[in-house]
Amino acid sequence: MTIAGRNKVVAFSIVLSALLCSISLLQAAFVLSGGSLPQLAVARVPPLLHTTGRAFMHVLTFLLPEAAARSLAAVSTAPSNSSTLVAILGTGLSAPLLLTYLLRRFEKTHAVEISYFSLFLCALNFEGVRLFLPILYTGTLTTYAGNVPMQIVMFFRSLALLALFASGIFAKKTLTRQEGAVVFVLCTVAFLISRYTTIHTIHAYRPSQSTQGAILLAQPISESGSIIDSTGEEKTLKVRSSAHRKTRILVTPQRNFTFYYGSHAWHRWFFWTTAVLSALSYGVLGHTLQISHYYIAAAALPFVIAGYRLLTHGLTWSACIVGLFLLNTASVFFIRSVHRVHIWQ
């Protein structure tokens, strides 16, 4: 791809990102005005958010008086669907801004890495598809209404992570300069991942626990991964626990767009495996070519993915704030370091 062709694609991505961001803002306004934002009934916060919340509280304690820091930390680390809404909108707003910065930096510079990184940034906008879930919810949530939007989201999440991984793998290979073919392969793999990832659209409650102890099933209920008949009434199903023992649990339809994920363990490992392999690929590039700026890019990529991971949860205000900070700051460092590589050459 030539510089002029790449610039046209990035410019189109900026326009598309701005359009998708505008649609997300309209969706958010519709959700808030119609009272469709669901109440969060789950207090089980993932380990990454626990760690982020504790770090955020230490920062607040250092900056503010102890009483004010504790009260603010209690609000910022409590699960909230409002923070999820802001995380979705913030992710969509970050994409066109970072793409504009990328285009200005590389307007006259050719870099294969940046072509794939722009694909990553463009894919971030499709987190806004999650806003269709509270809009589609009308008292009962069918399998189709819940699964289709989240399969779209999972496709673009997978494509974004694979694009980051490909940016380091294909940076210096002459044979893989056919970026269109590589992107097609990445889209195919991302589609297969999203198609066969189990999407859960229900809550599961153990009878001995209250609503505050709600958990998400890690095992599929059916072949499609969700309840076939969602009537709004509690149902009793039999599933296998981690110890391979059948356990009776109460199941209620899920209406919280925060938790429309696939299998959590797979989702988590996919993010962190991509982070490690992406950093390793740029580290190998830096060692092979003896260019120190590639080491900076390698160090920035795990923080980019960590910020993205926090924003996909967006479960607390601390996760939302830290995620936006990491995503934008690390992306700027990555773009600047790759730009210095090609200016130096």
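Residue numbering: from 1, along the chain as shown.
Cβ coordinates are placed from backbone N, Cα and C, and glycine is handled just like the others.
Annotation source Swiss-Prot lists transmembrane segment at 9-31, 84-103, 116-138, 148-170, 182-204, 269-286, 291-308, 313-335.
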With Cβ-Cβ distances below 8 Å as the criterion, list the same-chain residues six or more beyond the ends of the transmembrane segment (116-138) that contact it, or say none.
9-10, 13, 16-17, 20-21, 23-24, 27-28, 30-31, 36-38, 85, 88-89, 91-92, 94-96, 98-99, 102, 145-146, 149-150, 152-153, 156-157, 159-161, 163-164, 166-167, 170, 179, 183, 186, 255, 257, 260, 308, 311-312, 331, 334-335, 338
Beyond the flanks of the transmembrane segment (291-308) by 6 or more, those residues with Cβ under 8 Å of it:
91, 113, 124, 160-161, 164, 168, 271-272, 274-276, 278-283, 285, 322-331, 333-334, 337-338, 340-341, 344
